[in-house]
Amino acid sequence: MQRFKALVQAQTTLLTILPLLLGTIMAAYHYHHVNLGETFLLMLSAICFHLAVNGHNQLSDYRRYQNSTTVQDSTNNIIKRFEISIPWAYSVLGILMLIFFISGLYLVYLSGWPLLLLGGSSFLIGYCYSGGPYPLLKTPLGELASGLAMGLNITLLGVYINIYNAPTYDNWFWLTGSIVSLPAVFTIANIMLANNICDKDEDVVIGRKTLAYYLGTKHSLTLLQINYVFSYLGLILSAILGYLPWLIVLSIFTVKSDYQLVQGFVKAPNKVTTFPRNVLMFHKIVGLEVILGLLGLLL
């Protein structure tokens, strides 16, 4: 079990669950319609795909680390660190992708082509993220890809699967859903950005030239802080426009503690000691938004 969790980075599952719940809350509040069965099946499908992409990323990194004698023993080399069998890893990824395809195709059959379009684009981004000759994670586009695929697309999937058969359905759900997704988009992108800031020197050795490499640490940290500001602006805008319950605005009362949390990373970026603060920021901003949104539905 420990090797499975390490391979697929199981601790990151909330990066998929929370945006999907955010989309579901919007569907319930703004469109007054929810399909619980389809939502749970979509959650299973999205989680399996998320874990499979993580596992594929670990295998891709393993090959890159093996080609460089200076960083083979890096703690980021999960396959070697946990002594994971390559055939076993591919078997796990195969099972996860099988579940993803079967559940995904069934949901497309139920709900129509927009789900195929959203799911297909997520699949394409997910593959290009760590697969192919020029994976996005080696480029300055990694943050954008992760923010869009997980923050935007999963939120939109959460909206669509709940309203495709609703009397209130409209074809502009993607626009309203995009506004609601902004906190998830920016905080997920920041997790990637913070990770790349910490790994900047090591990434160059294994052939990665990420956004942090091109911007430099100072400007990357500035961008990180700007992204958090936009996260809160998106949250407030969603409430003002009536897409989410007004109760979510209570999230702004955590701004002071959030600022202190972020400054701890800005002053001393470190993969072990301060990087987790950015994961916590995702949980605080998007997680609290989901909790307050659910409470707003009940009140």
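Each Cβ is built from the backbone N, Cα and C atoms, and glycine gets one as well.
Heads up, TrEMBL stuff is auto-annotated, nobody curated it.
A Cβ distance under 8 Å defines the sequence-distant neighbours of the transmembrane segment (12-31), meaning residues of its chain 6+ beyond its ends; these are 39, 42-43, 46-47, 50-51, 54, 150-151, 154-160, 162-163, 166, 168-169, 173, 176-177, 180-181, 183-184, 188, 191, 238, 242-245, 282-283, 286-287, 289-290, 293-294, 296-297. The transmembrane segment annotation in TrEMBL covers 12-31 (among others).
Annotated transmembrane segment per TrEMBL: 37-55 (among others), in sequence order.
Summarising the annotation, TrEMBL assigns transmembrane segment to 88-109 (among others). If you look at the transmembrane segment (88-109), the same-chain residues 6 or more away from its ends with a CB under 8 A from one of its CBs are 3-4, 7-8, 38, 41-42, 44-45, 48-49, 51-52, 55-56, 58-59, 79, 115-116, 119, 161.
According to TrEMBL, the transmembrane segment annotation covers 115-137 (among others). Within its own chain, the transmembrane segment (115-137) is flanked in space by residues 45, 49, 52-53, 56-57, 60, 104, 107-108, 145-146, 148-149, 153-154, 156-157, 160-161, 164, 208, 210, which lie at least six positions past its ends and keep a Cβ under 8 Å from the stretch.
Listed as Cβ neighbours of the transmembrane segment (144-166) (distance under 8 Å, sequence separation of 6 or more from its ends, same chain) are residues 15-16, 19-24, 26-28, 31-35, 38-39, 42, 46, 50, 107, 110-112, 114-115, 118-119, 121-122, 125-126, 128-129, 136, 173-174, 176-178, 180-182, 184-189, 191-192. Annotated transmembrane segment per TrEMBL: 144-166 (among others), in sequence order.
Look at TrEMBL and you will find 172-193 (among others) tagged as transmembrane segment.
As annotated by TrEMBL, transmembrane segment applies to 228-253 (among others). Note on the transmembrane segment (228-253): residues 25-26, 29-30, 176, 179-183, 185-187, 190, 262, 281, 285, 288-289, 292-293, 295-297, 299 of its chain, located 6 or more positions outside it, place their CB under 8 angstroms from a CB of the stretch.
What TrEMBL records for 279-298 (among others) is transmembrane segment. Below 8 angstroms of C-beta separation, residues 14-15, 18-19, 21-22, 25, 28-29, 183-184, 187-188, 190-191, 228, 231-232, 235, 244-248, 250-251, 254, 258, 261-262 of the same chain, each at least six residues beyond the ends of the transmembrane segment (279-298), sit close to that stretch.
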